[in-house]
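K.L.:
Annotations per Swiss-Prot:
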TRANSMEM  3-23  transmembrane segment
TRANSMEM  67-87  transmembrane segment
TRANSMEM  136-156  transmembrane segment
TRANSMEM  179-199  transmembrane segment
TRANSMEM  287-307  transmembrane segment
TRANSMEM  314-334  transmembrane segment
TRANSMEM  415-435  transmembrane segment
TRANSMEM  453-473  transmembrane segment
TRANSMEM  519-539  transmembrane segment
TRANSMEM  562-582  transmembrane segment
Amino acid sequence: MNADFLGLLLLYLTILLCAAPLLGRHIRQAMNGERTWLTAWGQPLERGLYRLAGVDPAAEMDWRRYAVAMLVFNVLGVLAVYALQRLQGWLPLNPAGLPGVAPDSALNTAISFVTNTNWQGYAGESTMSYLTQMLALTVQNFVSAATGIAVLIALVRGLARHSAATLGNFWADLVRATLYVLLPLSFILALALVSQGVVQNLDPYVEAQTVQAQQYETARLDAQGQPMTGPAGQPLTDTVVTRVQTLPMGPVASQEAIKLLGTNGGGFFNANSAHPYENPNAWSNLLEMLAILLIPAALCWTFGEMVGSRRQGVAILAAMTVLFAGFAASAAYFEQQPTPALRQAEAALLADGGNLEGKEARFGVAATALFATVTTAASCGAVNGMHDSFSALGGVTPLLQMQLGEVIYGGVGSGLYGMLAFAILAVFIAGLMIGRTPEYLGKKIEALDMQMVALVILATPALVLAGTAVAVLADAGRAGVLNPGAHGFSEILYAMSSAANNNGSAFAGLSANTPFYNVLLGLAMWFGRYTIIVAILALAGSLAAKPRLPASVGGMPTTGPLFVALLVGAVLLVGALTYVPALALGPVAEHLQP
C-alpha cells in the first residue's frame, strides 16, 4: 500500500460521504411522496403510469400482498427478458445479425438481470443485439434496482411505524424510485461519461484492418450458432487468425450509467469497465466508482431521517465505512506485493508495478484494487480488471466481501436491509449478554423476528456452500475448471458466492456458459435474492405491528461507537466464520503452495 492508493481512497470517501446526505434527503422526500425539485415534471408522468396500470398509490399493502406484487412483477420480468433474447434474431436494431440466445443461457441471463445480479456467461458485443441490450437488460437494470429500494423502504417503514398492519404500496414505491432517483441520476451520469469518451450510438460495428495478424480462441458453434461442448461437457474452441479487428459500437453510456448507479454490474462489452469504450480514463473510473456506492451510502441517511434519528443512519454508515476501508487497504496491500516471479528477482517491496497481471495500464494497481473493493462491497459486479489474476490473498478481499452478504454498503436497497438484519442480530446478542429483552428502535425483538434474521443471514451461505459442493462433485461442474487445484476450487467458490449474493463478478477462468452452470447459478441467483426479500418483508410486517416501547434505562444504545463496534464484529464473526473451511481449501491453500 502506498501514497497513491491512500490519496485515492481518501478522495473517494470524502466525495462519497459528502454527497450521501444530500441524496439521502432527496430519496426520503421522493419515497414519502413529498414535493421535490423533480415533482414538476415527474408527477404528471407518475400519475399517468398509475392510471395506465390501474394502480391506486394510496392503497397500502400488508407484507404478504407487498411480497406477492413484487414476486409477480419479477417473474414477468424474467419471461420478458427471456423472450427478447430468444427472438432477437427476428427483431430490429440488430445490425450485427446476431442470432437468438441459447435457451439455457437466455434463462440464466434473464434471472441474472431481474435479480440485480448481472452475472454474464456471454460476451455482450457478440451475443446481444442493441434492442436486447436496451429493452431487456437496461430496463431490468432500472426496475431491479428500484425493487431493492422499495423493499428497503418497506422495512424502514416497519421500523418507523407502530401498531400498523401495512408497509406501503409496492407499485408506488417502484415508480417513485425509478422516476425520482434512478432516471435523473442516470441521465446526468450518462452525459458525464459521454464527455469522457464512452460511446453512445446505434451504428453498425466497424471493421478495421490491422498491421499484424491476430490469433485467438473462439467458441466452436453448431449449425444453430450455439456453443458446442465435448463428451465431458467441456467447451470446444477453434483457433482463428485474422488481420481484421471488429470495433463494437452501441448505446453504451446510457446502459453504463444505470449499470453502476443501480449496482447491477453487467457490462455492454465482455471486458466490462476494463473496456476503453465503457471506462476510458482515470476521471471516468472515479465517476464509476462513486456511482456504485452513491445510492447505498445515501440510503443510510434516508433510513435515519425516516426513523426520526439521523444518528441511527450515521451509525450504520460508520460501520460500513470502517469495514470498507479495511478491505480496501487489504486488497491494495496484497496487490502491490511482487508476484512470485518478481520476488524471485528480488524486486523491491513497493517498486512500481506490483501485481500488474490482469490490470489496465491506464488504471494501475491502486485504482484496480479500489474498484474491486467497491464493486464487491456493493452487489455490483462491474470490473475494471481481471479478478482471476489477483494474487491468492488479494482475491480474498472481493470474495469475502461477497460472502459477508453484500452488506458493506451493499446493493441498492439490498445492502442496507441486509445490514439492518445484522444490526438486529447485534442488539439481540447484546441483550443476551446483559440479560435484557433485546430492543431496536423501540421495537421488542422476539422469536419470529430472529427466525427471519437467521434466514436472511444463513440462506446465502447455504446456497454458496451447497452449490460449490455440487459443482465439485459433478463431472459437468469439474469440466468447466481450466485451472485445476486450489485456484480452480476458488473459481467455483467465487462463482457461487457471486451468484447467490447477487454480485455478478467472476473469476473468469471458469467456463460457466454451459447448461450445468447456467442452471445451477440461475437457481442460486433466484433463491439468493427472493428468499431474503420475503424474509425481510415478513420481518418488516412483524416490526410494524409492534407497539413502540419507551426508551428504558440500561438499554443498548444504537448510535454510539460501542454499537458500531458490535455491528462490525457481528458481520465479521457470523458472516466470515461460515466460510473459513472453504477459504482454507481455496485461496489460503493456493497462497501456501510453493
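Including glycine, each Cβ sits where the backbone N, Cα and C put it.
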K.L.:
Let me spell it out: take the transmembrane segment (453-473), skip the flanking residues so only those 6+ beyond its ends count, and list any with a Cβ under 8 Å from a Cβ in it.
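P.N.:
Those are 403, 405, 418, 421-422, 424-425, 428, 489, 492-493, 495-497, 499-501, 516-517, 520-521, 523-524, 527-528, 531-532, 535-536, 539, 574-575, 578-579, 582, in sequence order.
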K.L.:
Same chain, outside the transmembrane segment (415-435) by at least 6, Cβ under 8 Å from its Cβ: which residues?
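P.N.:
For the transmembrane segment (415-435), the nonlocal Cβ contacts are 151-152, 155, 159, 263, 296, 299-300, 303, 316, 319-320, 378-379, 405-409, 445, 449-450, 452-453, 456-457, 532, 536, 539, 554, 556, 558, 563, 566-567, 569-571, 574-575.
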K.L.:
Sequence gap of 6 or more, Cβ distance under 8 Å, 3 or more pairs: do the transmembrane segment (3-23) and the transmembrane segment (562-582) meet that?
P.N.:
no
K.L.:
Taking a Cβ cut-off under 8 Å, which residues six or more beyond the ends of the transmembrane segment (179-199) line up next to it in the same chain?
P.N.:
26-27, 30, 36, 38, 42, 45-46, 142, 145-146, 149, 249-250, 252-254, 256-258, 260-262, 276-281, 283-284, 287-288, 291, 294-295
K.L.:
Would you kindly check 67-87, 314-334, 519-539, 562-582 and say which stretch has the most C-beta pairs under 8 angstroms to the transmembrane segment (287-307)?
P.N.:
314-334
K.L.:
Can we call the transmembrane segment (67-87) and the transmembrane segment (562-582) in contact, meaning three or more C-beta pairs below 8 angstroms at a sequence separation of 6+?
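P.N.:
When sequence-distant Cβ pairs are counted, the transmembrane segment (562-582) does not touch the transmembrane segment (67-87), since fewer than 3 lie under 8 Å.
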K.L.:
Please indicate, using numbers and ranges, the residues of the same chain that are 6 or more beyond the transmembrane segment (562-582) and have a C-beta under 8 Å from a C-beta there.
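P.N.:
Residues 315-316, 318-319, 322-323, 400, 403-405, 407-408, 419, 422-423, 425-426, 429-430, 457-458, 461, 464-465, 468, 493, 556 contact the transmembrane segment (562-582) from elsewhere in the chain.
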